Each structure stands twice: as C-alpha cells, then as structure tokens.
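*Asks:* So TrEMBL lists these for the protein:
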- 85-109: transmembrane segment (TRANSMEM)
- 121-143: transmembrane segment (TRANSMEM)
- 198-215: transmembrane segment (TRANSMEM)
- 227-248: transmembrane segment (TRANSMEM)
- 320-337: transmembrane segment (TRANSMEM)
- 349-371: transmembrane segment (TRANSMEM)
- 408-424: transmembrane segment (TRANSMEM)
- 444-463: transmembrane segment (TRANSMEM)
- 528-546: transmembrane segment (TRANSMEM)
- 795-816: transmembrane segment (TRANSMEM)
Amino acid sequence: MPIQRRDTLTMSNLPRVAILLLFMTALIGLDRLAFRDIGYFYTPLYDYVAARMHADWLPLWNPLDQTGVPLIGETTTAVFYPLRWLLFALPLSSDVCLSLYVVVHLLIASATARYAARQAGVSKGAATIAAVVYPMSGSVLFLYTNPPFLVGAAWLPLLLSNLLSRSEANDKKFASRRIRIAAIASAMMILGGDPQTLLNGFIVVIAALVVRQIRDFQRRSFGEFQTVLIRIGFCALIAVGLSLPQIAGSLSWSQQSDRVREVESGNWLDPPSSGSRRQEVFAFSVAPWHAVDFLTANASGSLIPRNHRLGLMMPGEGKMWTPSLYMGLLVALAFLTPLARLREEKLDVWFGIAIATWFAAMGHFGLVWYMQNLFGAMLDTDSAAGGLYWWLYSFFPGYDSLRYPAKWLPLTAISLSIVTARFVDRCFNLGEERLHRATRRMIVGLAAVLVAAWVSTVIVRLTPGVWSAVLDRATKISDPFWGPLNADAGLREIQHSLAHSLLVLFALGAIFQAWTKSKLTTTAAVRFLIVVVTVDLFVFGSGIVYKVNRKQEQQLLADTNERVSGLTLRTKSKSQFPASWRLGPSEQRLLEVESTLRTSSFGRWHLAERQAVFNSMVSIQSDSVAMFWEAVASELRGKTPQQRDQFWQAIRKWLAINRLVHADDIGNIQITSVPQSLEASYQLTSYEANETSVVTLDDFRKRLAALPEGPDSLDKRGTVEVLESKADSAIVFVECEEYSSLQRNVIQDGHWRARLISLIDGRVVNVAVERSDFLKQRIAVPAGHWQVTFWYAPWWLLPSIAVCMVGWAACLAPLVKVLAVKWHGDLVEGHVDRFVSQ
C-alpha cells in the first residue's frame, strides 16, 4: 500500500479508535454504561427483549409492565430493528451487547457524517473532521444514555445529505439512488425507536428547499421544485413500507395512550399549568446561555459524581439534557469567523440549518421569554410563545404529541460539522486568503475572551467575601442524587476547562500560522487539525461517558427475594431516595445510585428479574392506567392513614398484587411477598352485558370508591385452572354451572383473541375479548366444561410484515446486483491474471 494512502487510512480511522477507547472498559465487560435511561431503562429492557426474541422469535406482548403492554407498541423497544437483532444475538452479556450497540451507532454516526460532508462537496481530509466532530460532540455522544435517540442521530446525516442534494432534475438514476438511501435511513430511525428526529429532519429538508426556491426563484423553475418535493414524498412512502410493522404497532397503541387525552385547557398564549402535558413537553429546553458551551468543554461545571454544576444557579436552567454542547474549538472558529464577515460571506444552507435548529432546541426560551427578562413585559404570557418549537407545538399537526426541544440538537450538530468541514476546505484546499486572515484574528479574539474568563474565575475564587451573596445562594442548592452544590469546586473545574480551551486554541493557531508560513503542506495541516480535534474531543468525551464497575455493583446489590409469580407494587417514602444523597457528596455516588435503583426495581429493572410490576415506568402509558392514578390521587385526598391502608388493601386484592417493594428515605429497600397461584389473576363472576368498555375519569373514581366496602369481586362461581401461561398466550380450564364472565388481569388493547373448546362435545366457539373493569379483559363463558385459549394476534401484523419484506427486497436488490457484478468481475479478472502468469 502506498505511504500516502496508508496515512489517509490512519487519519480516517482516528475517530473510530477514539470512540472505541472511550467505551473500551464497557466493551470488555469490566464496566457497564450508567446514568439515567441507559442504566435503569434500556439495559433491562433490551435484555428482556433479547431473551424474548431468543425464546419466541417475534414477541408481541409484554406481561411484566402494568397489566400488560404491546411490546411493538413502544417504539423504544426496537423489536424490528435489524442491528438490535444482530448485536443482542451475540453470545455476550446484555451489558456488553448494549455497550456494543452504542459504539456501533457512534461509528455509524461518524461514517454518515463523513458521507454527508462528502456529498456537500468537501474534500476527504476535511470530511474526516466532520467524522470526528459529529459523533463526539456533546449533543450526540451523550445520547449513549438514550440509545433510541442515538440511533436517530446515527442515521440522520444520510437523510439530510441525500434529500438536500442538488442533483440534476433529469438524472433519474442518481435521484433514485438518493431516494433509496434516504428511505432506508428513515426506516432505520423508525425501527430503532426515534421517529421524532426523523420528523424533525423532514421538516428541515422541506423548509430548506422552500427557502432555496424563494432565494433562487429566477434561476430555478417551479417544476424542478415540484420534482424534488415528489421525490421527498416517495422517500417517505418507501420508508413507511420498510418500517410498516413498527408504525402499525405504534399507531395502534398510541391511540390508547395518555398523550391523546387533553389534560389542559385555556388560550395557547397562557403559561402551562403545573404538571400539564405542555409543561412536560418543554421540559428539556436548551437555555440560551449554553451557547458558551461551544467555547469551552465544561462551562457550567460537572454534576457527577459530586455536584459542581454552577449552571444550577441560573434561574430557568431546567433539566440537563447533556452536560455540555461542546464540539471542539475548531467548530467555534468555523461558525464565528464567517458570521463576523456577513457583509462578505454568503451563508450556505447548512449554516442556516444550524441557526434555525439551535433556536428550535431552545424550546420555552421563546421570543416572549426575552421580552419578559429584558423588559419585564408580557409576564402573563407563555415564555415559549414566538419560539420555533412553540410554533411547531401549537400549529403543526400531531407535533403536540412529541416531547423535548433538545431533540433538535443532533440537527444542529451535523450542520455545524459540515460547516466546519467546508471551512477547513476553504482555508486550506481553496486557499481563501481573506478567510485565513479573518480566522487568525478570530483566534486572537477568542484567546482574549478565554483569558479574561480564566482571570475572572481566579478573582472570584480569591475574593469569596465580595461574592458572598452569590456563594450563599449556592449553598442552598442541592440535587437529590448528587448532593449540595460546591461552588468553589465548580469554579476550579471551569478554570481547568478554560485552560484546556486555550491550549487547543494555541494548537489550532500554530497550525494555521505554520501553513501560512509554508512550513506545513496543506495535507499535513489538515492531518494535524484532525489529530488536535480528536484529542480535544476525546478529553471532553472521557468526562461525560459515565460507567460503573460491574463487580463493585454486584457487591452492593442487596439480596432480594426470589421471583414470585404475581404482580408487584412499588411504594416509596416522600423523597423516595436516601436523604443522605441530598445532604452530602460522595465519590462513589454514581455506583450507589445505580445499585439502589436496581435493588428497588426503579424504572424497568424488574424486567431483568422477570418480575411483573404494576406501577412500572414505560415510554408510552395507556390512558386507562393514567386515569387510574389520577382517580387514586383523588380518592386518597382527605382520608385518614387507616382509611388509606384499607383502600390500598382493596386495590391489592382487586389487582391480585402480592409483592411490595418499598424504598424509604434512609436507603432501605423492603421487599415483602406472598406466593400465589396463577389462578389468582383470573376471576369467574356473573356476566353483566351492559358493562361499558369506554371509561372516563369519573368511572374510575366511582369504581375505586366502591372497592373497600363493595362486594368481593373475587368470589368465584366455578373452577378456574391455568394449564399454560405464556407472555403472548394462555390456556385455562373453566368449569361453571351458569353463564359467567371470565375476567383476567390483562388489559385489552383490541388485539387479544379467545376460543372456547367444549370438553364435553368438542364444540369450538370463538368469543369476543372485551375490556373489563377498566384495566382488565373478559370473555363470556356458557355453562359447562371448557378449555379457554387466549392469544395475542394483531390483525395488521402479517400484512405489514409482507409489505415490509417486499420493500426491503426492492431496496436492496440493486445493491445485491452491484455486489454480484463486482464479485463476478473480480472472479473473471483473477482467472485472467492466472492465465497470463502461466
């Protein structure tokens, strides 16, 4: 291999090596990835899904959450996602498989960012910078804590680059290939569990094309614009076909979710009420002051394992989506330098997307927020009003069912990555001298800003008396997990971060200066830039990828009871988590938190134990369960402790709950259980033909109010014996002397079926499965001896799988053809070479 090509391969592999090193201890099984959803949600969930697929091939129903949920209905389960199938089929522990899942998607993000940069006309060397910056940016790297969103970010560059490409209108072969690639990327995002990023991507593409059409109105015909829109429509249609089983399952379940029920009223300009869906939707909004994250890696201080996060002192800081938005100082240079030359620069589409998506990510920090905080006006108006996300939420059909403005950040990241790659090309490969001089001035200006910031932190630390009012306020801030805020330690971390930024800025300045003085060739300068950016982001990334040692965690896990058949109810004290966490810091706090959450079955850890939990955490909750808890809260108001205890005993009996897990504020986890038979979740009662399946909140309140003093619904009118109980099916023997109702503690979402087989004359009777008692299902059973079979069979499953398989075959056929031709050509060439050599 020629030396130049070998060096090029080394540079292109640098981001891959950096990503592998960041996760190495998790990949070899020493640690497991931790913090937030990846710890208590996706680690047990994907372990459970993998186990079910190993046993059932295509699992459909999850009986371990609440009174059952459709496994496909939750998009985050990624049941149909090919890469999850492949990686979790490996003979490795689920912790290692999940780490590998994260790493593979970061590598995909790197490859697709490089591809997108190349499609934007960037050289190979500069495209490698995009391949480093995008996956290792704070907006993407920290998505390891939420794998479905990482899947969306990984495939996003393919979607954007292929749909925004300026292909010729008559180049049908070229356009067909781009549509196919974009459709496959779109389907992967849906199957992987992130349809929201896909929708955001399509919104950006259409908006960019409209702006481009308006700007180039005299040079571009409307017919060409129509052609592009039609191709986008074809892309969306193909993507629907490729992911139809997942879409069908999600639509079916989402129609019954609590998100479809309006829980607030009032004018769309009114501030959201506390606890409302609108308030939850805007929860993860990126505050405008986080723009400084682009200049230094740790502008706010760290949160883990000790609370040094000074950003918590800012009013309106809100929940942390990512510790930092840092993408490397080269990105800041690439963005600010052209921005400072607006009179001479013509900003391209990627620059515009970066700015627009940044404002969309700001969420409730809308136009009104600036009016409120700058002028004290419009104080009775929703602060989000006028912001991009507010417009989407208020007027874009269906967007109000989605959540979290911060999900726009990957679009900001990929746009800035391509802007940076183009900037490098212009500076070095195209040799734009004016831009080069402006860049050197910007380096000097940024250095002055960073030095001034560093000096300011030193002054604040050396003169604490002057800042006593501010520091006193900091002592009153405490996080329920990570303890009280240590302001001095936070300032020290910011000092170190600023010093790191100055060092990186010096290295970048040295490269630019050396190239200007002809001491470095263009190729060498770009390679040095790749190395500096990779090292810069590797140091940053090592501080935001959190892991816990698996062996130490196992030592901390408390002994729990063996699995008990039946249903568990999680209960907690007022604070739920140990008070010691809030009161004091600990270097081992992350390990303590992860082990405690696991012991208390927090999130979805019960899935790892294969234990059913009624009040578990799910990504899409049914409307019935949401109304149940609202009714419970209403019913408990004003009750005495004795009445509350009586009420909960009635609830436990009604739902056949026989296991309690209680977490108190001291850190103790109490588990009590009473073994019970499978028959406990079946009730044979009198049949009431007029029982309604349409429930309201008032219905729930009346039902729950009648539980403690009402008739015992568990009085049986015959015999019930469970012969077989599986996740997706059950076989039950029933003997009754009169027309009865067989009720079981499984919610009916519309796809459960039942069949009766008479044990006397062999008659087969198909019966309707109705929703009963709000959270259950029932069938009518005539008098006699019957074998009852329940099974879960969505009507849309087989047709959607057939359409999906045809679609994938059609999309992959051209690729298979190309590979076959290439293989055949190589084979023929090999025969010719051997013939000539003889």
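Even glycines carry a Cβ here, placed using N, Cα and C.
Owing to the predicted nature of the structure, the values given are computational and were not obtained by experimental measurement.
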*Asks:* Mind checking which residues reach the transmembrane segment (198-215)? Cβ under 8 Å, same chain, six or more beyond either end.
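*Replies:* Contacts with the transmembrane segment (198-215): 152, 156, 159-160, 163-164, 186, 189-190, 222, 225, 228-229, 232, 236, 239, 349, 352-353, 356-357, 360, 392, 396, 399, 402, 407-408, 411.
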*Asks:* Checking distant contacts: for the transmembrane segment (227-248), what same-chain residues at least six beyond its ends satisfy Cβ-Cβ under 8 A?
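*Replies:* Distant Cβ neighbours of the transmembrane segment (227-248) are 72, 75, 79-80, 163, 169, 175, 178-180, 182-184, 186-187, 190-191, 198, 202, 205-206, 209, 794, 796-797, 800-801, 803-804, 806-808, 811.
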*Asks:* Go through the chain and flag residues at least 6 beyond the ends of the transmembrane segment (349-371) whose CB is under 8 A from any CB in it; none is fine as an answer.
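*Replies:* For the transmembrane segment (349-371), the sequence-distant neighbours (Cβ-Cβ under 8 Å, at least 6 residues beyond its ends) are 120, 160, 164, 200, 204, 207-208, 211-212, 282, 284-288, 291, 316, 335, 338, 377-378, 381-390, 392, 404-409, 411-412, 415-416, 418-419, 422.
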*Asks:* What same-chain residues lie close to the transmembrane segment (85-109): Cβ under 8 Å, and 6 or more beyond its ends?
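*Replies:* Distal contacts: 16, 19-20, 23, 26-29, 32-33, 38, 42-43, 46-47, 49-50, 53-54, 134-135, 140-141, 144, 147, 150-151, 153-155, 157, 550.
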*Asks:* Which sequence-distant residues neighbour the transmembrane segment (320-337)? Criterion: at least 6 residues beyond either end, Cβ under 8 Å.
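*Replies:* Residues 129, 132-133, 136-139, 142-143, 284, 286, 290-291, 293-300, 302-303, 309, 311, 351, 354, 404, 406, 409, 413, 416-417, 419-420, 422-424, 435, 438-439, 442-443, 446, 501, 504-505, 508, 529, 532-533, 536-537, 540, 543-544.
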*Asks:* Can you tell me which parts of the same chain pack against the transmembrane segment (408-424), counting only residues 6+ beyond its ends and a CB-CB cutoff under 8 A?
*Replies:* 113, 116-117, 120-122, 125-127, 129-130, 133-134, 137, 139-140, 143, 149, 152-153, 156-157, 160, 197, 200-201, 204, 286, 321-322, 325, 327, 330-331, 333-335, 337-338, 348, 350-351, 353-354, 357-358, 360-361, 389, 435, 526, 529
